[in-house]
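Enquirer: Input: one structure, supplied below.
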C-alpha cells in the first residue's frame, strides 16, 4: 500500500510501520511531520510516532533549534538551577586538576616512592583527554528521541560521570598506600571528569544561540577559574597540616549531593509534547528499540582507535625525556603505535555512519575554522596548565611558601576570567569576535616573554604584573574560540564538534606540561646541575648513592617535580644557591618555549574564516546549517 500525501511520484521513502502500510513519504512542502499526520487514514498517532522514530536524524537536525529547549523559553529559576548544577560539576572537575600542584613533593615523600611524580597530576589529564572526544557522539547516539530526550540523556550521563568522578576515584586515591594505587584512582577520576566537562559544555551550546552562547559558557568558566585558583591553596593547606589524603577525600561526599541537584535540574527539561502528540501505549517499546538502533550505529571502532591514538601519544610524551630517554624502544614503539592507530582511525571514520570526527569538516576550506580552532585552542592551553603547574613550583624553589605560591596563581586566573567576560560581552553586543581574539593572542607572547625574565630574586610585584598580562592574553580566547568553531555548523554535528573542540584544552595541558617539563628537567636542569659535579657528589651522596655511579641513572632520578625537595636538602648558602640557579635557568627556557608557541598560535589564527554570530531570531542560521550539512556530506 502506498500513502500519497501530495503527488504519487513523490511517495518513495520506505517506512516499517507495522500498520499494513508499506511505504510512506513526507514530500518537500511538509517540513513538519505534524502536518503529515492529518493525511493518514487511521492510527494517526502511532504512525506519527513511527515516522518520528524512523525519520533520518540528519533531517531532524536541519529543523534547527526548535528540536531542543532554549534558555529563552525557560523560567529564570529553571535556568539558574541548570547553570548552578553544571557549575558545581565543573568546580569538581577543575579543582581536581590543580589541587595537587603544591603538594606533589609532600605526597611523594609520604608514599616513599622513587617513581616519577609527574603521574600524580598528568594521570588525571591523561584519561580526561583520551575519553573526552568521544562523549559528544556517545551522548547523541544513546538519545532515544532527538525531539525530547537529548537534554535528559546528557543529564543522566553527567550524573554517572559525576559519581564516577567524585566517588570511587577519590576514595581510591585518598586511601592509597603506593604511587600505583594513587595514579589508578586519578586515572578513574579522569574518565568521569571527561564527561563532566564535555557534556556541560555541549548542553549549554544546545540551550543557547550563537550570540549569547559565550556569555553563558563564561559563567561556567568563572566557576572553573575559581576552582583552579582555589586548588593549589586548598592542596597546600592540607599538605602543610599533614593531612594530604584529604586533598582527594574532601571531594568524595559532594558526589551524591550534586547528583541529586542534577536530577532535579535536568530531568524533564526537554520540550513538552504538543496536544497533537498524545502518549502512545508503545512509546516505551519504541524508545528501547530506538536506543538499540542508535547504539548499533555508534562508531565504536572509531572511538577505540581514537582512544588508542591519544593514549599512546600522551603516555609517550609524559615518559619521554624524563622516566625514559627519547630514543628508548618503549618510547619509539608508543609513537609508532599512535601513528598506526591514527591511520586506522581515519580509515574507520571514512566509512562510519555516525563518525566521531566527521572528515568532511576537516578537509573543506569552508569549514577550516573547526581544525584551526582545535589546533589553536590546544596551543592556547599550553599556557594555562604550564602556568598553574610550573609557576607554583618556581615560586617554591625561590623561597615562597606552599600556600603563598598557590595564591600567586590567582592574578593570572583572575585576569583570564575578566578578559573572557569582556570578550564575551563584546560578542553579545556586536556579534563580532575575531578582532578581540586576535588582539588577545598578540598580547600573550609579550606576557610570556616578560615572564621568562624572572629569576631567583624576582619580586612579588613582578610576578603579579607579568601574570596579569599573561592572563589577559590567555583569557580572551578560552570560551570565544569554542563559539568560533561552532558558528554555522550543521545542527547534527554541533555536539560532536563541541566535544572535539572541548577536548583541546586537556590535550594542550598534557602536551604543555610534557613539553615544558621535558625541556627543563631532562635538558636544561640536568645540564646546569652537572656543571657542579663536586657539589652533587658532596651534597647528594646519600640520596643518590647508586645514581652517582652512572651518569644516565643520575639524570633519570633528577626531574623538575623533585627539585623542591632537592633544594631543601642542602644547607643554606652557596650550594643551595647553585641548585636554585640551575632551576631558574630551566624555568626560563621552558617559558621561552611557551612564548614561541604563543606566536605560532597567533599566525594560525590569522587563517580563520570571518564569522558573525547569529542571535537565533532569523532564519539565516537554519539555512546556513542546512546548506552546510549538505556540503559536509558531499565532501
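Here the Cβ of each residue, glycine as well, is placed from N, Cα and C on the backbone.
All annotation found in TrEMBL is predicted automatically rather than curated by experts.
This is the feature table in TrEMBL:
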type     : residues : note
TRANSMEM : 79-95    : transmembrane segment
DOMAIN   : 82-613   : domain 'Major facilitator superfamily (MFS) profile'
TRANSMEM : 183-204  : transmembrane segment
TRANSMEM : 216-238  : transmembrane segment
TRANSMEM : 244-266  : transmembrane segment
TRANSMEM : 300-320  : transmembrane segment
TRANSMEM : 326-348  : transmembrane segment
TRANSMEM : 369-391  : transmembrane segment
TRANSMEM : 397-418  : transmembrane segment
TRANSMEM : 430-451  : transmembrane segment
TRANSMEM : 463-485  : transmembrane segment
Enquirer: For the transmembrane segment (326-348) and the transmembrane segment (300-320), check the count of CB pairs under 8 Å (sequence separation 6 or more) and say whether it reaches 3 or more.
Expert: yes
Enquirer: Any residues 6+ beyond the ends of the transmembrane segment (430-451) with a Cβ under 8 Å from its own?
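Expert: Those are 211, 214, 380, 383, 419, 422-423, 466-467, 469-477, 480-481, 483-484, 591-592, 594-596, 598-599, 601-602, 605-606, 608, 610-615, in sequence order.
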Enquirer: Sequence-remote contacts (6 or more beyond its ends) of the transmembrane segment (300-320), Cβ cut-off under 8 Å?
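Expert: Hits for the transmembrane segment (300-320): 116, 118-119, 122, 125-126, 129-131, 133-134, 137-138, 326, 328, 330-331, 334-335, 337-338, 341-342, 344-345, 348-349, 352, 355-357, 507, 510-511, 514-515, 518.
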Enquirer: Which one of these stretches, 183-204, 216-238, 369-391, has the most C-beta pairs shorter than 8 Å to the transmembrane segment (397-418)?
Expert: 216-238
Enquirer: Take a look at 216-238, 369-391, 463-485 and tell me which one has the most Cβ pairs under 8 Å to the transmembrane segment (79-95).
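Expert: Maximum Cβ contact count belongs to 216-238.
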Enquirer: Restricting to the same chain and to residues at least six past its boundaries, which positions have a Cβ under 8 Å from a Cβ of the transmembrane segment (216-238)?
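Expert: Non-local partners: 71, 83, 86-88, 90-103, 200-201, 204-205, 207-208, 244, 246-247, 250, 384, 388, 392, 401-403, 405-407, 409-410, 413-414, 416-417, 420-421, 424, 478-479, 482-483.
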Enquirer: Looking only at the domain 'Major facilitator superfamily (MFS) profile' (82-613), what is the model's average confidence as pLDDT?
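Expert: Averaging the confidence scores along the domain 'Major facilitator superfamily (MFS) profile' (82-613) gives 77.
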